[in-house]
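Chemist: Per Swiss-Prot, the features are:
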type: BINDING; residues: G84, 87-88, T92, 94-97, 112-120, S124; note: 5-phospho-alpha-D-ribose 1-diphosphate binding site
type: BINDING; residues: G84, N115; note: anthranilate 1 binding site
type: BINDING; residues: S96, E230; note: Mg(2+) 1 binding site
type: BINDING; residues: R170; note: anthranilate 2 binding site
type: BINDING; residues: D229, E230; note: Mg(2+) 2 binding site
Amino acid sequence: MTITPQEALQRTIEHREIFHDEMLHLMRLIMRGDMSPVMAAAIITGLRVKKETIGEIAAAATVMREFANHVEVQDNSNFVDIVGTGGDGSHTFNISTASMFVTAAAGAKVAKHGNRGVSSKSGSADVLEALGVNIDLQPDQVAASIAETGMGFMFAPNHHPAMKNIAAVRRELGVRTIFNILGPLTNPAGAPNQLMGVFHPDLVGIQVRVMQRLGAQHVLVVYGKDGMDEVSLGAATLVGELRDGQVHEYEIHPEDFGLQMVSNRTLKVENAEESRAMLLGALDNQPGVAREIVTLNAGTALYAANVAGSIADGIQLAREAIASGKARAKVDELVRFTQQFKR
C-alpha cells in the first residue's frame, strides 16, 4: 500500500524511516507537482529534522534521475563528474570548475553538473559564462561536447525541469533540505565515477554509501576539515572512497603529496570575474595557492576517473597538464565548441 503524505509526515515526527518504495512514491508526487506545497514543505522539513537516512536519500535520487533530461554518452571509460554540494560558506573561486579543465587535459572525460551561485558568490555556471562558455546546451549538444572536447557542462535547470515544482517551497523555507544533497547524486550523464565535495563531515559517510546503493563505480566524497567542500590545502580532508563495491573512510593531508599546508583565505572571491581571473591564473601555471589546490583536486579527480592509480600519481599528471599549457588550451576549446550552438 502506498503511503500518504500525511502518514509520511507523521513518520518523520516520530523519527521513523520512510521505506524505499514509499520514498519513491512521495518523491514522484513532489516531482510531478501532485503534492501540495504545504505537505511538500512539511515532509522535507521533517526529513531534515529527523535526519535523512541513506535509503531515503538513495530513493529520492533515483526519482530525480528518472525525471532528468539525460545526456547519452557512448563511452563511459575514464568518465568522471567533479561536483560539490556547495553551501560550505567559503566563498572561494571555482576550484572544481578549474579542475575540470585540468582533468580533461590529462585524459579523463568530465561531465560537470552545476548551477548558478546560491550560497556562493560565483557558481560553476557563472564562472563558465564569464570565460565565454555557452552553458545553455541541449542534452545532445552536451554529449557532442564530451565526445569532442572531453568536457561537457550540464546546466542544472536544463536537465531537471521537474525541480520547478519544488523551487518556490525551497526558496520560501530558506533552510537546507534533502534537495541540497541530491544535486551531486543526479548527474544527467550518469558518470560512474565522481569526486564529490560535501558541506558537512557527516555527509562523507552518507553520500558515499548512497552512491554505493546507486551502483556507482569509483567515487571519492571529500570534506576539508576547515569547512571546504573540496580537497583542502588548509587542513586534513576526510575521504569516503567507493571502489570495487567497497567503502573505505580515511584522512588525507597536503603533506602526504609533498604539498604545503596553507590557509585557503587567499582563494576568496567576490564575484564571477574575480573567480575567472583566479581560475585562469592557476591554469596559466602562475605559482600560488590557487594553482596548488587545483592540482590537488584535479589529481584526486584523475584517480576517481581511473586515469591515475593513486592520488599522488594523479597530482603528477595534473602538474604536467598545467605546465604544458594543455589545461589552459582546454578553456579555449570548450568556448569555441559551445559557441557554435549559441541561440
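Residue numbering: from 1, along the chain as shown.
Yeah, the Cβs are placed from backbone N, Cα and C, and that goes for glycine too.
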Chemist: Do me a favour and check the Cα-Cα span between S96 (5-phospho-alpha-D-ribose 1-diphosphate binding site) and E230 (Mg(2+) 1 binding site); whole Å is fine.
Modeler: 8
Chemist: Sort S96 (5-phospho-alpha-D-ribose 1-diphosphate binding site) into helix, strand or coil using the DSSP assignment.
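Modeler: S96 (5-phospho-alpha-D-ribose 1-diphosphate binding site) sits in a helix per DSSP.
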Chemist: Return the count of C-beta atoms lying within 10 angstroms of the C-beta of S96 (5-phospho-alpha-D-ribose 1-diphosphate binding site), excluding that atom itself.
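Modeler: S96 (5-phospho-alpha-D-ribose 1-diphosphate binding site): 26 neighbouring Cβ atoms within 10 Å.
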Chemist: Name the secondary structure element type, per DSSP in three states, that contains G84 (5-phospho-alpha-D-ribose 1-diphosphate binding site).
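Modeler: DSSP call for G84 (5-phospho-alpha-D-ribose 1-diphosphate binding site): strand.
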Chemist: Of the binding-site residues listed here (N115, R170, D229), which is spatially closest to T92 (5-phospho-alpha-D-ribose 1-diphosphate binding site) when Cα positions are compared?
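Modeler: Out of the listed candidates, the nearest Cα belongs to D229.
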Chemist: What whole-number Å value do you get for the CA-CA distance of N115 (anthranilate 1 binding site) and G84 (5-phospho-alpha-D-ribose 1-diphosphate binding site)?
Modeler: 11
Chemist: Sort the binding-site residues G84, H113, R116, R170 by C-alpha distance from E230 (Mg(2+) 1 binding site) and give me just the closest.
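Modeler: That would be G84, nearest by Cα distance.
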Chemist: Per residue, counting other C-beta atoms within 10 angstroms of the C-beta, which of the binding-site residues H113, R116, R170 reaches the highest number?
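Modeler: By the 10 Å Cβ neighbour count, H113 comes out on top.
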Chemist: Using a 10 Å cut-off, grab the number of neighbouring Cβ atoms around the Cβ of E230 (Mg(2+) 1 binding site), all chains included.
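Modeler: I get 28 for this one.
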Chemist: Which ones in the same chain are close to G84 (5-phospho-alpha-D-ribose 1-diphosphate binding site), with CB under 8 Å and 6+ residues apart in sequence?
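Modeler: In sequence order, the residues whose Cβ lies under 8 Å from that of G84 (5-phospho-alpha-D-ribose 1-diphosphate binding site) (at least 6 apart) are S96, P184, M196, G197, V198, F199, D229, E230.
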